[in-house]
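Structure, as structure tokens:
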Amino acid sequence: MSEKIIRGVKFGVLSPNEIRQMSVTAIITSEVYDEDGTPIEGGVMDPKLGVIEPGQKCPVCGNTLAGCPGHFGHIELIKPVIHIGYVKHIYDFLRSTCWRCGRIKIKEQDLERYKRIYNAIKLRWPSAARRLVEYIKKISIKNLECPHCGEKQFKIKLEKPYNFNEERNGSIVKLSPSEIRDRLERIPDSDVELLGYDPKSSRPEWMILTVLPVPPITIRPSITIESGIRAEDDLTHKLVDIIRLNERLKESIEAGAPQLIIEDLWDLLQYHVATYFDNEIPGLPPAKHRSGRPLRTLAQRLKGKEGRFRGNLSGKRVDFSARTVISPDPNLSIDEVGIPYTIARMLTVPERVTNINIERIRQYIINGPDKWPGANYVIKPDGRRIDLRYVKDRKELASSITAGYVVERHLVDGDVVLFNRQPSLHRISMMAHKVRVLPGRTFRLNLLDCPPYNADFDGDEMNLHVPQSEEAIAEARELMLVHKNIITPRYGGPIIGGGQDYISGAYLLSVKTTLLTVEEVATILGVTDFVGELGEPAILAPKPYYTGKQVISLFLPKDFNFHGPANISKGPRACKDEICPHDSFIVIKNGLLLEGVFDKKAIGNQQPESMLHWSIREYGTEYGKWLMDNVFKMFIRFLEMRGFTMTLEDITIPDEAQNEITTKIKEGYSQVDEYIRKFNEGQLEPIPGRTIEESLESYILDTLDKLRKVAGEIATKYLDPFNNVYIMAITGARGSELNITQMTALLGQQSVRGERIRRGYRERTLSLFKYGDIAPEARGFVKNSFMRGLSPYEMFFHAAGGREGLVDTAVKTSQSGYMQRRLINALSDLRIEYDGTVRSLYGDIVQVVYGDDAVHPMYSAHSKSVNVNRVIERVIGWKR
């Protein structure tokens with residue numbers, strides 16, 4: 001068979017003759033099976049249409065199930081019907097051409113000129129040719145008299161979905177499909193071309209169906225239900241309805257039935273043919289099963305997420321994959337994933353037998369499919385597969401294998417697999433991990449790996465895929481391993497890093513009050529692979545003590561320099577340089593942590609230009625992996641030793657603090673009352689550009705916002721600096737000072753759409769308030785804290801504010817998902833060429849220099865090509 005190169009794909013409309021030629025049989029009866037359950041010849045399951053049962057031979061091509069592609073049949077329609085997919089095209093043809101002579105309603109000399117222009121531009125500038133066609137249609141539709149035959153033209157209206165009405169001498173006449181077909185037949189080929197169609201492959205009258213193609217059985221196979229009853233495909237049901245109606249229409253015409261009955265049956269045939277193509281036509285009731293379920297017809301098989309394109313071509317279900325719940329395991333390396341034994345025994349990797357690995361593989365074969373590490377299949381050099389479940393003497397088989405065999409063995413420690421969590425919103429939602437087979441029934445994941453996957457452990461499930469070829473495994477190992485993706489391609493900062501307990505532990509270990517004995521240091525270092533001298537303790541007498549900073553310094557490169565504020569550098573503890581009494585400015589000189597604490601700004605995930613970021617960027621991702629596998633584990637160990645809990649005592653403030661807050665609330669309420677009094681007396685000064693009512697709302701909101709801030713400051717002033725809740729908030733481990741304010745002092749103003757709550761009953765939010773009351777409490781201000789508890793109406797307002805967040809989340813998720821899909825489809829053919837330009841599939845330049853600087857964000861210094869300050873700091877240990 002000679003090879004051919006595909007130059008292009010051309011779409012057209014099937015002519016009635018083409019439908020008959022590609023058909024192997026006419027479908028003439030609505031009966032499907034006879035009494036024995038054998039398909040009837042001339043029915044919709046005629047054996048000539050293809051084979052769906054194994055062992056049968058196709059009477060047309062002689063092939064079995066594996067080789068028979070299926071064959072088309074056809075139904076000769078008694079009356080023509082409109083193809084629902086071409087209604088708009090038919091409408092354009094009818095309005096642009098004369099009903100009598102079929103010519104475009106434009107003068108002959110103008111038509112000749114348009115033809116010359118169209119022929120000159122149609123190949124070189126197809127978009128310009130399309131605009132010319134639209135222009136021809138536009139001016140032709142406007143003409144009320146045919147310039148060729150002089151006939152008066154009537155206005156045609158489309159009554160959706162497929163009825164065409166014509167206004168003739170004041171009355172409205174419905175055009176039948178036969179009449180429409182006659183008109184379309186009269187349009188000459190030259191005019192069809194000027195209206196944008198190729199008359200060789202798309203004559204307009206072919207859009208009115210006289211012959212309906214019947215698809216092969218292979219695309220609409222029947223299934224046998226457990227009870228032994230055959231269930232037919234939705235398309236088969238629809239085709240039976242069409243044939244049944246076609247027969248009734250034929251009988252009615254032959255019996256000389258009244259025109260009204262014939263037209264009703266014709267309309268019904270039109271409905272069935274339309275819903276056969278698309279069962280979701282606006283304005284048309286969908287065809288349904290007896291159960292009430294709408295039929296899934298041709299368009300539904302192609303459209304949407306579950307359709308043929310997105311469901312079976314762009315995305316497929318795959319083998320060698322697993323899915324289960326994820327659990328945290330801080331003892332795994334960031335590059336590893338814990339896999340249950342059950343899954344490790346089911347998923348296999350093909351390993352080729354060589355003289356080096358033959359003994360190990362023989363042991364896998366002896367272990368078999370049920371004992372880990374074993375094997376499930378042996379593939380001989382001739383391609384035959386041996387299933388080890390059915391081999392009685394596995395030892396004999398193991399001894400017979402030689403180099404060249406392939407064994408599908410179980411997953412073992414160190415195998416490379418792909419790990420993914422949906423929704424996969426960016427590239428690093430799928431990364432490669434190394435297998436660690438563990439007991440249990442869940443996947444185990446290091447907590448540091450959560451941010452790129454956006455994973456947590458409240459029931460999330462993740463997918464695992466096992467690459468099968470050496471090339472795929474090599475690509476995954478070189479490009480996709482977790483430590484090679486610590487720096488995100490989004491902005492060039494570390495997406496993997498500390499969070500929650502890691503940050504609390506790092507802060508408590510690095511804070512200047514932390515002193516450790518040699519034994520405690522040894523306990524902490526026991527979870528790391530540190531080997532080396534501890535150095536001299538910071539305190540020698542009365543007892544040797546190391547500081548937490550000394551322990552952390554053991555893991556920093558000896559030439560590493562860094563300066564920068566910590567997360568706790570806020571308010572009264574803020575520091576701008578190294579002269580800092582609050583320990584809130586980090587100074588690392590020649591690998592020694594001299595000052596400052598490690599918190600979110602130093603080691604947190606998604607923190608660009610942090611200590612973690614520069615150390616990974618300058619010493620490589622292997623160092624970053626080592627740091628996370630050791631130092632971060634050490635932070636957790638220290639937290640375990642010290643203990644870290646949260647109790648009600650942590651959010652209880654003394655009475656004097658509560659009295660201060662109550663006084664401030666009263667002052668705030670008085671201020672609001674004063675604004676309301678001024679408003680009622682007409683003395684309130686409006687804010688420029690706002691109405692007096694808007695100004696009042698703005699003044700009240702500002703006052704209540706200040707009140708919440710003051711209450712929060714009072715509450716935190718009375719909290720112990722080593723209060724665990726306070727530590728979590730100031731270090732950036734979890735929560736914020738606002739959360740502390742809400743737990744200890746007051747919740748503050750609840751808002752809906754950025755305003756105070758105003759909807760409810762007429763002129764008041766709830767029935768317990770007076771009409772027209774706009775005081776803080778009547779409009780959603782909550783003066784209680786979570787600790788003290790909310791009153792019933794405060795609880796109601798709080799729920800109203802919370803609901804807005806839930807609705808927002810649901811709406812934005814679907815909107816952003818759809819926007820991303822459109823963006824991906826629009827940008828999918830862009831790529832960076834070797835000359836640095838960004839080009840489309842056709843070579844069009846979209847960007848002369850990628851990103852205007854030709855720098856990959858992943859390898860940039862936080863989106864800059866070079867950070868000069870950092871270069872100076874790195875070399876001389878000081879910033880400019």
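Using the three backbone atoms N, Cα and C, a Cβ is placed for every residue, glycine included.
Counted within 10 Å of its Cβ, the other Cβ atoms near His71 (Zn(2+) 1 binding site) come to 23, all protein chains included. In three-state terms derived from DSSP, His71 (Zn(2+) 1 binding site) belongs to neither a helical nor a strand segment and is classed as coil. Residues annotated as Zn(2+) 1 binding site in Swiss-Prot: Cys58, Cys61, Cys68, His71.
Spatially close to Cys149 (Zn(2+) 2 binding site) yet at least six residues away along the chain are Cys98, Arg100, Cys101, Arg103, judged by Cβ distances under 8 angstroms. The annotation Zn(2+) 2 binding site is assigned in Swiss-Prot to Cys98, Cys101, Cys146, Cys149.
Taken from Swiss-Prot, the feature Mg(2+) binding site applies to Asp456, Asp458, Asp460. Same-chain residues at least 6 positions away in sequence with a Cβ under 8 Å from that of Asp456 (Mg(2+) binding site) are, in sequence order, Cys450.
Residues or ranges marked as Zn(2+) 3 binding site in Swiss-Prot (evidence: experimental evidence): Arg573, Cys575, Cys580, His582, Ser584. In sequence order, Ser569, Glu595, Gly596 constitute the residues six or more apart from Cys580 (Zn(2+) 3 binding site) in its chain with CB-CB distances below 8 Å.
Sequence-distant contacts of Asp460 (Mg(2+) binding site), defined by Cβ-Cβ distance under 8 angstroms and a gap of at least six in the same chain, are Val325, Ile326, Arg421. For Ser584 (Zn(2+) 3 binding site), the nearest neighbour among the listed binding-site residues (Cys61, Cys68, Cys146, Asp458), judged by C-alpha distance, is Asp458. When the binding-site residues Cys61, Cys68, His71, Asp458 are ranked by how far their Cα is from the Cα of His582 (Zn(2+) 3 binding site), Asp458 comes first.
When other Cβ atoms within 10 Å of the Cβ of Cys58 (Zn(2+) 1 binding site) are tallied across all protein chains shown, the result is 20. Between the CA atoms of Cys146 (Zn(2+) 2 binding site) and His71 (Zn(2+) 1 binding site) there is a gap of 46 Å, rounded to the nearest whole number.
Cα spacing between Arg573 (Zn(2+) 3 binding site) and Asp458 (Mg(2+) binding site): 36 Å, rounded to the nearest whole number. Note: the Zn(2+) 1 site is recorded as Cys58, Cys61, Cys68, His71; in the same chain, Lys48, Gly50, Val51, Pro59, Val60, Gly62, Asn63, Gly67, Pro69, Gly70 also have Cβ atoms within 8 Å of that site's Cβ centroid.
The binding-site residues shown are Cys61, Cys68, His71, Asp458; of these, the one with its CA atom nearest the CA of Cys575 (Zn(2+) 3 binding site) is Asp458.
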